[in-house]
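Down below is the structure, laid out as structure tokens.
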Amino acid sequence: MSADTPISRRLNNVKHIILVLSGKGGVGKSSVSTQLALSLYASAPTARVGILDVDLTGPSIPRMLGVDGHPVHQSTDGWVPVFADGPSTRLLCMSVGFLLKNRGDSVVWRGPKKNAMIRQFLSDVRWGELDYLVIDTPPGTSDEHLSLLEHLAPVHDRLSSVVVTTPQAVALADAIKGVSFTRAVNLPVLGVIENMSGYACPCCGEITNVFSKGGGKSMAEREKVHFLGSLPIDTQLVELLDSAQPQPQPTTTSDSRPLKSSYSGQEQVSATDVTPVTQLNTLSGTGSETNGHTTSTHAPTRTFQVLERYRQTPTWAAFKPMAEYIIEKLR
């Protein structure tokens, strides 16, 4: 029987939690996380998807979803995530990037503070009912991964993962370490995605191999894990994810207020400092342990264009069968 903890209560109505992992940086893990969230969102007209960015020192999900610059609001039932799809309120996003006073601020934290931030994301964010929660993790296998899995232990039966690599030998070697990590912590692997596998011509769509070919599939076969497929270098996708601009502030209701914006990611913390993040960051969190189910508190006043533009890219067609496999596997 699962332990009753603030995190297990908060995530009680989240059906599936998918961790996106990579053995090294630079393989496009965050773009894959974004595509996975968008594809799951588009899989059904009622699908509710959350995306949690725990790449604390390199948060990029807000920019990729076009919600960079939005504030996080505090309600009586915890932190209200940013709704990336506007009034539809079916694609929820949370990232440390929303909490930085300035977009260019670096996050200079030691392990205890990172651990506290991850714990607060899991216990204080009002996710409500979700079909899928996609978690974009830092590259490699570090303290953040161990902290994340420790906090998620009460809901381990709902956890799974996707490993992202590129065709180069160095990336594949690190991806093997990532698969080894999942075995060590008993984390199910839905499959391996080989990213940047060839270049998609923006004129004719023809794929030209830039790096070596088929390394991800061969690695998956050797490690006896499923190979989800390959994604090309897609200039249309790159332009889509790079061109997203900060959006207007969301409209809020009377029961919510913005978290204070005096937060600085460069605040130094001693290795033994485990003060709650609400104090470290001068944020006004309630630490509520109840589950929030209200999904219409507020939303960004804009139309959701990212998904429609994503559907026009060559990558959409390549990713769709991967998402369909994941959905079927999790049923």
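Every residue, even glycine, has its Cβ placed from backbone N, Cα and C.
Annotated features in TrEMBL:
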- Gly23, Lys24, Gly25, Gly26, Val27, Gly28, Lys29, Ser30: ATP binding site (BINDING)
- Cys201, Cys204: [4Fe-4S] cluster binding site (BINDING)
- 244-303: region 'Disordered' (REGION)
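Features recorded in TrEMBL, as mapped to the structure shown.
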residue: Gly23; record: ATP binding site; DSSP (3 states): coil
residue: Gly28; record: ATP binding site; DSSP (3 states): coil
residue: Cys201; record: [4Fe-4S] cluster binding site; DSSP (3 states): coil
- Other residues with Cβ within 8 Å of the Cβ centroid of Gly23, Lys24, Gly25, Gly26, Val27, Gly28, Lys29, Ser30 at the ATP site? Ser22, Pro139, Val164, Thr166, Ala171, Asn195
- Query: Distance between Gly26 (ATP binding site) and Cys204 ([4Fe-4S] cluster binding site) at the Cα atoms, whole Å?
  - Reply: 27
- Query: Using C-alpha atoms, which one of the binding-site residues Gly23, Lys24, Gly25, Gly28 comes nearest to Cys201 ([4Fe-4S] cluster binding site)?
  - Reply: Gly28
- Min neighbour Cβ count (10 Å) across binding-site residues Val27, Cys201, Cys204 flags Cys204
- Message: Most Cβ neighbours within 10 Å: which of the binding-site residues Lys24, Lys29 is it?
- Response: Lys29
- Query: Which residue, out of the binding-site residues Gly23, Gly26, shows the minimum number of other Cβ atoms inside 10 Å of its Cβ in this structure?
  - Reply: Gly26
- If you count the C-beta atoms lying within 10 Å of each candidate's C-beta, which of the binding-site residues Gly25, Gly28 ends up with the smallest number? Gly25
- Whole-number Å only: compute the distance from the Cα of Lys24 (ATP binding site) to the Cα of Cys204 ([4Fe-4S] cluster binding site). 32
- Item | Alpha-carbon distance [Ser30 (ATP binding site); Cys204 ([4Fe-4S] cluster binding site)] in Å | 27
